[in-house]
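What Swiss-Prot says about this one:
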- Cys70, Cys72, Cys85, Cys88: Zn(2+) 1 binding site (BINDING)
- Asp460, Asp462, Asp464: Mg(2+) binding site (BINDING)
- Cys814, Cys888, Cys895, Cys898: Zn(2+) 2 binding site (BINDING)
Amino acid sequence: MKDLLKFLKSQTKNEDFDAIKISLASPDMIRSWSFGEVKKPETINYRTFKPERDGLFCARIFGPVKDYECLCGKYKRLKHRGVICEKCGVEVTQSKVRRERMGHIELSSPTAHIWFLKSLPSRIGLLLDMPLRDIERVLYFESYVVIETGMTNLEKRQILTEEQYLDSLEEFGDEFHATMGAEAIQFLLKDINLVQECNVLRIELNETNSETKRKKLTKRIKLLESFIQSHNKPEWMILNVLPVLPPDLRPLVPLDGGRFATSDLNDLYRRVINRNNRLKRLLDLAAPDIIVRNEKRMLQEAVDALLDNGRRGRAITGSNKRPLKSLADMIKGKQGRFRQNLLGKRVDYSGRSVITVGPYLHLHQCGLPKKMALELFKPFIYGKLEVRGLATTIKAAKKMVEREEAIVWDILDEVIREHPVLLNRAPTLHRLGIQAFEPVLIEGKAIQLHPLVCAAYNADFDGDQMAVHVPLTLESQLEARALMMSTNNILSPANGEPIIVPSQDVVLGLYYMTREKINGKGEGMLLNGSNEAEKVYRLGIAELHSLVKVRIIEYKKNEDKSFTAIKKIIPTTIGRAILWMIIPKGLPFSIVNQTLGKKDISKMLNTCYRILGLKSTVFFADQIMYTGFAYAARSGASVGIDDMVIPEKKANIINEAEIEVAEIQEQFQSGLVTAGERYNKVIDIWAAANERVAKAMMQNLSTESVINKKGYKQKQISFNSIFMMADSGARGSAAQIRQLAGMRGLMAKPDGSIIETPITANFREGLNVLQYFISTHGARKGLADTALKTANSGYLTRRLVDVAQDLVVTQDDCRTHEGILMTPLIEGGDVKEPLRERVLGRVTAENIIIPNTKNILIKRNTLLNEKWCDLLEHNSIDNVKVRSVVNCDTDFGVCAYCYGRDLARGNLVNKGEAIGVIAAQSIGEPGTQLTMRTFHIGGAASRAAAESSIQVKNQGIINLNNAKFVINSAGKTVITSRNVELNIIDNFGRTKESYKVPYGAIMAKGDGEKVHSGETVAKWDPHTMPVITEVNGLVRFVDMIDGQSITRQADELTGLSSIVILDTAERMSSGKDLRPALKIIDCNGNDVLISGTDMPAQYFLPGKAIVQLDDGVQISSGDTLARVPQESGGTKDITGGLPRVADLFEARRPKELAILAEISGIISFGKETKGKRRLVITPVDGSDSYEEMIPKWRQLNVFEGERVDRGDVISDGPESPHDILRLRGVQAVTRYIVNEVQEVYRLQGVKINDKHIEVIIRQMLRKATVVKSRDSDFLEGEQVEFSHIKISNRMLDKKKKMPATFSRDLLGITKASLATESFISAASFQETTRVLTESAVAGKRDELRGLKENVIVGRLIPAGTGYAYHKERLNRRQKKHNNPTVSSSQISAEEASASLSELLNSALIEK
């Protein structure tokens, strides 16, 4: 057996495996792993320090302590390899076998495995169908359980207390059998006939109707089936044999001073062995039952503590009062095996140092200190020295390097040439946090970094440190050069815009260089080309900013990549002409003929990349940087105290504000305004004053008046240093300048409320003590916020990466016709994001037709690049259906067409690109820039809430979407449908503005009419909701009895009387069943029918409705019958920033969410209960109606008798994404989440491409619930991977069988990560114990599809360059399968993977 095992173990080393299976280990399997039984609790001998025989470190069981040397020293050296010493019984072999050889302990009494007992839901409990409490009482020897009933009235699995047991013994004698402890449970588990039980339960499931019972049965059936399929036996959840971890994985290390440091596991094992031996002795002595029982209970507790300390009862503590670390603690958590050693490892050949600026470097270079390079590249240097024959041995080479001989430096230069190194700055938030550079040797001890890559690293030079890594193999060097070189990462993968963008000094230099100055020296000169411009500037004949005319040559790039020269004479400035020298051929002069700010420079680089490609852009970026630095130095811009000019008007403005505040205070004291109003008004006054001061200050700073050539005064933009820095985008902002030279303004208290006394001083004047104290609040809160934000943002990124890590581009085209309809994002009168930006880089899902014709403009499956987008704009197309990851039909992964352009490269995405991780990084990386706070609505926000009209901004044509309306007696259009959209469309058919119009709004202009800008097109009363009639006739009151269902009120001011409907709660008992309504009848007293239906026009009135009509009056369609007052929903705080993004991705249901109509039909109300009313929707086609209970305090948007469509809003509130998915489908929920997430990022000015969010949504929609299983193998109500249902249904379709029906589920990212197919990935994310328990019972197989699983098992990931490797591997396996030539000495892959799964199963694979 031993030899066979050795053979097996040597095989698993090199055997290539495809999947990993985890299952329960049988006692025989545990014994087969073992090399001997551990019988004694001793570890090592205190005198000789040699392991004790049969102890926890026994050399005979686990192998020799020293390489090739037995314990007694009889056999030493390699020549005795494989000999077993007859004296000490130790095999002569390498000592590293002590890391892999296991032992075992034969338990004298079975013990339950705590994971299967206590990890909820308890597997043992579910199998036996007994409550966990009862099982625990049996296991810990408090009660008996009946095993054999015999001819008694006891039931099997019945729990008996000590008394009941003794009574039954007296009554029935030996007829029945009841015991306690793990033996009893083991017996019961053995007794289960899985298949038979399963069939019984299935029959029961079909017969029951109770929902809870069905759920419980389904759970049991699933568990039983998983046991049947995985060939696990239930009794294996009870241990008879305990495996012992190899000793080198729980080491005992001698410390100085004769003490030992030991792993906690040794203590835990010692307790188990001690108790086990004692129990053995007691059983041999046939000790009294009560003593044996106690000992068995203690053994059970010791085993529990070893497996998972602290899961049951108090954790066992060591000598220093801290809980001992059990086996379960070894693998879970941040310090556990998964996250500490398998997903992240320490790296050899690396160093770290402080970074400084390298302004003279090229973009692909970094400065590496000589000392560091020498250390990092040592092996290469040794090798070179030996090859050259300069050193005879490695030892000699080592000496030479240590002495730092001159020749060593020459060789270092050679070694380093074209050998890229990787630079990494922590935290690595996205893939640009590690880039490759070619090292340049420098003196000093700091790494030099190229300034343009700082943005990608988020680095600055205030003491940041960076790590250097050396790629050793040729392949890794190739990857570093081809994929990770900084010159290949010009565009950001998050939004496809350049990330190599100059900032700060460079921007200031270029801004200064391209500014104009009126009447500068040399104005009006005519110059021939840039060289002459530079000459006159250098000679001092002309100033940098003077306006001159220059003759330049522009080059236009043709289709065939050649250039056409165009000569022009252009009015410009000297500086711009000089800058033109570095602009690459193919860009127009207009690009520099403007004052360049940061945005313009970014645009310039982007244009360059799109027109001229990567190489030119890299060269251009370097030139921009050198020029910018040079001219920033020439500009001599600096910050002096006199640059901060305080406006003269400031004192007046503040005085006026103080007078206004005093007035309000008087009004408050005389009781004209409330405290709240006073506070709000005071804050508004100061906010306005602050704005005025800021405006005056900016006017002052930004312009200066100069004398022009003709001798007149003229205003020009100022050359004030502080203004230039802010205006160019180099540093600072108007808000900061305002605090320097204006006034600091209002400050907030720590709880977010605003302090009403503002700081009127600015930093130039200086703050007094009180003002300084007030401003410390904000500063401190900012620091605390930042710390919290970093942690939260990091956790969000981790969850996102985990949910999306296995999403890789796996095929070119999945051929789906599905897609998302993209429209420009319009809110109110503003286009927030034009269509062009939303579809750029996507693939069209269907042909795009030129409007009003049948001609195809763009074919299906075209990647929309900049040129196509220009075409779209030219033809004024305002909606495009594009392919999306959410609709992709690929089973595992996505296809390239559904993803579209790889944003970091600008072409169609390649196969093997890990788009999931890229998406997660793009969303998580800006997380630290988002705010943490929830916004409190006050001041401005509450005023905007009560909108009552729509005023358009652009002229155009009105277009009403899904609108129903009637014309009232005044000839105006009245809206009678919900969720109406009003769009303003320009002459080209493009939507310019979009508004929501409420029910009952009166339109000034109708559908299709022209409007001018500033015109008001719709009005409504924001405080009441009208009930509008759609027919003409006479009003008839129904059930409106004074004092019972209505009361009459007279208005004090007008004297008009009105009728108010009483709420049911306020009515007397006699009026409870009355249902007040207004009926419309014709002059003969017959009911008027609503047009197009056979329903009488009857309008039921809700409580609190106000009617201002009399019985029998004539009314016409569009008139208001009654008004229902709308309570203004009190101010709610909106969650913003990071928490909002987390809520959306976790798919949390909001509080007080909107109620949506589940089906289409007619609304009516059924019988009410105390706090709820019953809403009934009856479909028009006569199918089953739908009922829902709604709390009475909810405001409803619908009246009785109204028609709603599925998914319409019945009661307002934040919508739940789950409802949107269920009622409106995948498209709608995608649109909702994308827009909501983008809203948060847009507020912070962060650009993220929509497709990244869609990638995460695809992963959230991974699961589906089976509605009807039909001919498939699924259970009804079971949650299954969507891809499995798709594959299964395809198979059933082929066989002409009935496929399963299903509904898609939306899971939050945490849930989705834990519900993934791969148990390795789930276990390494969170809740390790639960995941492993579940997987072991079900005998799960991990196909190793994702990236994480492959990293953990130590393989290349199936993405990027590893994608090809895995493909090749699969092909090889296919070939092997097709023509198997297995010799008898080989073992099959199945056996090998089985033995591997056994190793893994006991959580023992260390590396």
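Here the Cβ of each residue, glycine as well, is placed from N, Cα and C on the backbone.
DSSP assigns Cys898 (Zn(2+) 2 binding site) to a helix in the three-state reduction. Each of Gln811, Asp813, Thr816, Arg883, Val885, Asn887, Asp889, Thr890, Val894, Ala896, Tyr897, Tyr899 belongs to the same chain as Cys814, Cys888, Cys895, Cys898, is absent from that list, and has a C-beta within 8 angstroms of the C-beta centroid marking the Zn(2+) 2 site. Just so you know, of the binding-site residues Cys72, Cys85, Cys88, Cys814, Cys888, the Cβ with the fewest other Cβ atoms around it within 10 Å is the one at Cys72. Cα spacing between Cys70 (Zn(2+) 1 binding site) and Cys814 (Zn(2+) 2 binding site): 63 Å, rounded to the nearest whole number.
The two recorded residues Cys898 (Zn(2+) 2 binding site) and Asp462 (Mg(2+) binding site) have their Cα atoms spaced 44 Å from each other. Its own atom aside, the Cβ of Cys895 (Zn(2+) 2 binding site) has 22 Cβ atoms within 10 angstroms in the protein chains shown.
Straight-line distance linking the Cα atoms of Cys888 (Zn(2+) 2 binding site) and Cys85 (Zn(2+) 1 binding site), rounded to a whole number, equals 65 Å. By neighbour count, meaning other C-beta atoms within 10 Å, the densest spot among the binding-site residues Asp460, Asp462 is Asp460.
When the binding-site residues Cys70, Cys898 are scored by other C-beta atoms within 10 Å, Cys898 scores highest.
Classification of Cys70 (Zn(2+) 1 binding site) by DSSP places it in coil, neither helical nor stranded. Apart from the site residues Asp460, Asp462, Asp464, the chain places the Cβ of Ile355, Ala459, Phe461, Gly463 no farther than 8 Å from the centroid of the site's Cβ atoms, the recorded Mg(2+) location. For Asp464 (Mg(2+) binding site), the same-chain residues that are 6 or more apart in sequence and have a Cβ closer than 8 Å to its Cβ are Val354, Ile355, Arg425.
Taking the centre of the Cβ atoms of Cys70, Cys72, Cys85, Cys88 as the Zn(2+) 1 site, the nearby residues of that chain (Cβ within 8 Å, site residues left out) are Ala59, Leu71, Gly73, Lys74, Tyr75, Glu86, Lys87, Gly89, Val90. With Cys85 (Zn(2+) 1 binding site) as the anchor, the candidate binding-site residues are Asp460, Asp462, Cys814, Cys895, and the one with the nearest CA is Cys895. For Cys895 (Zn(2+) 2 binding site), the nearest neighbour among the binding-site residues Cys72, Cys88, Asp460, Asp462, judged by Cα separation, is Asp460.
Put simply, Asp462 (Mg(2+) binding site) is 61 Å from Cys72 (Zn(2+) 1 binding site) when counted between their Cα atoms. Looking at Asp462 (Mg(2+) binding site) and Cys814 (Zn(2+) 2 binding site), their Cα atoms lie 50 Å from each other. A straight line from the CA of Cys814 (Zn(2+) 2 binding site) to the CA of Cys88 (Zn(2+) 1 binding site) spans 66 Å. Asp464 (Mg(2+) binding site) falls within neither a helix nor a strand when secondary structure is assigned with DSSP, and so counts as coil. Under DSSP, Cys888 (Zn(2+) 2 binding site) is assigned to coil, being neither helix nor strand in the three-state scheme.
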